[in-house]
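Per TrEMBL, the features are as follows:
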DOMAIN    21-462  domain 'Major facilitator superfamily (MFS) profile'
TRANSMEM  20-44  transmembrane segment
TRANSMEM  89-107  transmembrane segment
TRANSMEM  119-137  transmembrane segment
TRANSMEM  143-164  transmembrane segment
TRANSMEM  176-199  transmembrane segment
TRANSMEM  205-223  transmembrane segment
TRANSMEM  288-305  transmembrane segment
TRANSMEM  317-338  transmembrane segment
TRANSMEM  350-366  transmembrane segment
TRANSMEM  372-397  transmembrane segment
TRANSMEM  409-428  transmembrane segment
TRANSMEM  440-457  transmembrane segment
């Protein structure tokens, strides 16, 4: 039997698989707290400069000239990152996102070559170590460097854990597990804000927010290796044992699972697949280019709208919580549409991106007055809701478009493009110097164009998952090949 048939014999999404995926989904609470850490520990408390004309050059003398409000502490109040030093807060944030980019690129190919579990465990272990180092940092420089390495480990570990979440269950449940993963990340942002509300000392907050990592790390040793990865690498006997143990955990009578070796499954000791396969094969090359652009636009529009849709006034902690909760309605929406045969992954991605783009473009035609039921703020929030849904779909869609042997490599490259969008998003507001509407035009055109390009990708709803690159020569997997078979592109 093939792998999808084998999952049916295990119960496909039984009790044991629910525990496995539920554990990894809850991990997103920890991932979210690490991602959003700088928002609170880098916040600027109210402060008063006693003598504006004689601000000391020595930081040791700052305490005599600058008084901070005692409502909370942050790296700003501890290391006096104000005035000409204020850029260092954004620098620490940029270093974290640069680390995410590197982690996405490195961990994907490593887990495709070495296995999901060992790479995931290594990333989580060092994520915890560098997280504590950041909380105990004696200087800003140590803090910033620690945050960079937290980004590397956090980005890579989160990517591999997402793939594991998908590969533990039958393909028909990928949309559900993928959506729950992103939903939990959004809820994790709100929970982090709640934690910050009660813990106002930044070092204590950073330390406590990092502690759940130990719990997840210790329990992660109980996770099995991905049966899809084992099967794709030619470890058929090991894959059968994992599938049989899953069946037993699901209270299914132990089935006799005999997998037939896939046509391109790598034999033990054989040549390993790498990220270069994404360039070597034409069908993967075109697919990767389109997906990279879609991921880039999702990130650009998402973070751009977050920064440009009008900053919320009032309580800092409430604002952080709302930034996560506003995404929650997106997940049931996309979960509904991507499972419908008349919509599927491709049309859902296209539709949400186009709606996000239209929401941005229509924003520039509306006045700022609150007298209208539909005003610029409502449309901007609608745009963020739509792009959040698109982001959720594209995670699931991408994992289904790549064969198992290069799935993490493909996701890693796409996530790298995503980070470039996030890095660029803060600079888009500078277009306001040309015209106040230019940022929204840029976001709108980007969203609509990405939505159109997504229609060039094949639909994966109710289709089999490719385990090996050679599987793509089958009619069910063909796209952008113009009739060529895979052998002609080797």
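Here the Cβ of each residue, glycine as well, is placed from N, Cα and C on the backbone.
Any TrEMBL annotation is an automated prediction that lacks curation.
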Selected stretch (most C-beta pairs under 8 A with the transmembrane segment (409-428)) from 89-107, 119-137, 350-366: 89-107
Among the ranges 20-44, 205-223, 288-305, the one whose Cβ pairs under 8 Å to the transmembrane segment (143-164) are most numerous: 20-44
Feature contact check the transmembrane segment (205-223) with the transmembrane segment (176-199), CB under 8 Å, 3 or more pairs: yes
Top partner of the transmembrane segment (350-366) among 205-223, 288-305, 317-338 - counted as Cβ pairs under 8 Å: 288-305
Stretch-averaged pLDDT - the domain 'Major facilitator superfamily (MFS) profile' (21-462): 82
